[in-house]
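Have a look at the structure below, then the notes.
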């Protein structure tokens with residue numbers, strides 16, 4: 001098993017490029033299942049564990065896949081299965097994205113209940129509700145979601161999501177693009193990753209309007225085609241790298257970004273006293289002499305992202321004053337808190353929010369990753385901690401960050417990957 005060994009205390013400086021977004025790549029890859037027509041070519045696909053798992057799933061279904069130098073080529077002309085098995089789906093909750101495309105194309109699919117990060121409830125109710133609204137009969141039996149179309153194809157419908165859900169919005173989009181008639185998605189997710197999926201589906205021939213708003217209107221089409229497409233860059237990775245600059249007192253430029261996708265995060269950095277400048281696709285952050293405490297509440301886009309909440313908690317351990325952190329999306333997403341406290345942080349849980357007392361001097365020790373963003377949080381803490389921090393179980397980190405230790409090392413961090421034996 002792999003761990004990251006970090007010797008903290010180095011101010012980071014320099015320029016680093018953002019990778020392609022995992023959270024947009026996965027639904028885009030799933031959408032290639034919608035048509036047997038041609039071979040897709042998709043650029044800027046990050047080489048991550050979750051992407052590799054999704055490729056395995058496509059290959060299991062019968063797709064021909066080539067992945068090299070961040071370019072993915074997919075042909076779904078000869079699929080042999082409509083079932084996504086537990087052995088693959090258990091590794092990653094985003095596997096649920098195959099539900100809509102397989103149902104739309106074949107009229108029947110069986111998808112194992114998903115896995116992924118182990119924090120809080122992960123209901124699939126909104127995905128099921130969307131498929132049922134479009135005319136499918138859905139049952140859950142023996143750990144599988146079994147969905148069947150009543151008739152020759154799905155039928156357009158009005159779907160009003162009770163809460164904003166990126167996953168359910170994506171699945172509903174992919175199911176609706178070839179449905180008969182018009183589908184209206186109300187309270188659709190606003191995240192840039194959904195806009196990216198919409199642009200991809202449009203390029204394939206889908207008829208979608210209202211992109212970038214909470215109301216998406218889809219007029220079903222009879223046929224879609226394979227296309228070339230460029231994935232968007234990863235706003236969460238960019239935010240994490242900027243956080244590494246802020247926590248170490250450094251100055252870092254992240255290129256290849258879409259700065260407006262990070263508006264709420266950049267605002268929070270500025271409130272903390274950081275100097276943040278934007279020029280074209282580049283964001284430069286210079287840390288202040290003293291970080292100021294900033295309260296954040298994680299909510300759906302365009303508010304502060306839940307996927308940056310853990311990293312922000314690490315940063316606030318160094319702020320001169322107390323701060324509060326609330327997560328309105330995943331109320332229990334605080335698995336990183338005990339490990340931060342092991343490093344010397346002073347963080348308390350009050351009901352469903354965290355109180356971070358700062359500043360606290362952190363001292364390196366062994367800490368264990370529990371999920372993807374918790375791993376990133378512990379890496380940031382290790383960068384500022386005295387002595388040596390060992391972040392164990394970094395397979396979580398590899399699910400969402402492409403060679404992050406290489407990027408941090410290039411910015412001046414003393415960080416390396418090592419193998420270790422974990423005792424059962």
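For all residues, glycine too, the Cβ spot is worked out from N, Cα and C.
Annotation comment: Swiss-Prot describes 22, 23 as phosphoenolpyruvate binding site. Within its own chain, residue 23 (phosphoenolpyruvate binding site) has 166, 191, 193, 234, 236, 307 as residues 6 or more apart in sequence whose C-beta sits under 8 angstroms from its own. Reduced to three states, the DSSP call for residue 23 (phosphoenolpyruvate binding site) is helix.
The feature UDP-N-acetyl-alpha-D-glucosamine binding site is assigned by Swiss-Prot to 93, 122, 123, 124, 125, 126, 307, 329, with sequence analysis given as support. Secondary structure from DSSP puts residue 125 (UDP-N-acetyl-alpha-D-glucosamine binding site) in a helix. Using a 10 Å radius centred on the Cβ of residue 125 (UDP-N-acetyl-alpha-D-glucosamine binding site) and all shown protein chains, the other Cβ atoms total 11.
Sequence annotations record features per position, and here Swiss-Prot assigns active site, proton donor to 117.
Positions annotated as 2-(S-cysteinyl)pyruvic acid O-phosphothioketal by Swiss-Prot: 117.
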Which has the fewest other CB atoms in a 10 Å radius around its CB: 22, 93, the listed binding-site residues?
93
Below 8 Å Cβ to Cβ and six or more residues apart, same chain only. Which residues does that give for residue 126 (UDP-N-acetyl-alpha-D-glucosamine binding site)?
161, 162, 163, 165, 167, 168
Round to a whole number and give the Cα-to-Cα distance in Å for the pair residue 125 (UDP-N-acetyl-alpha-D-glucosamine binding site) and residue 22 (phosphoenolpyruvate binding site).
23
Distance from residue 22 (phosphoenolpyruvate binding site) back to residue 93 (UDP-N-acetyl-alpha-D-glucosamine binding site), taken between C-alpha atoms, in Å:
13
Return the residues near residue 124 (UDP-N-acetyl-alpha-D-glucosamine binding site) by Cβ distance under 8 Å, restricted to its own chain and a separation of at least 6 in sequence.
96, 113, 114, 145
In the structure shown, with every protein chain counted, which of the binding-site residues 307, 329 has the densest set of Cβ atoms within 10 angstroms of its Cβ?
307
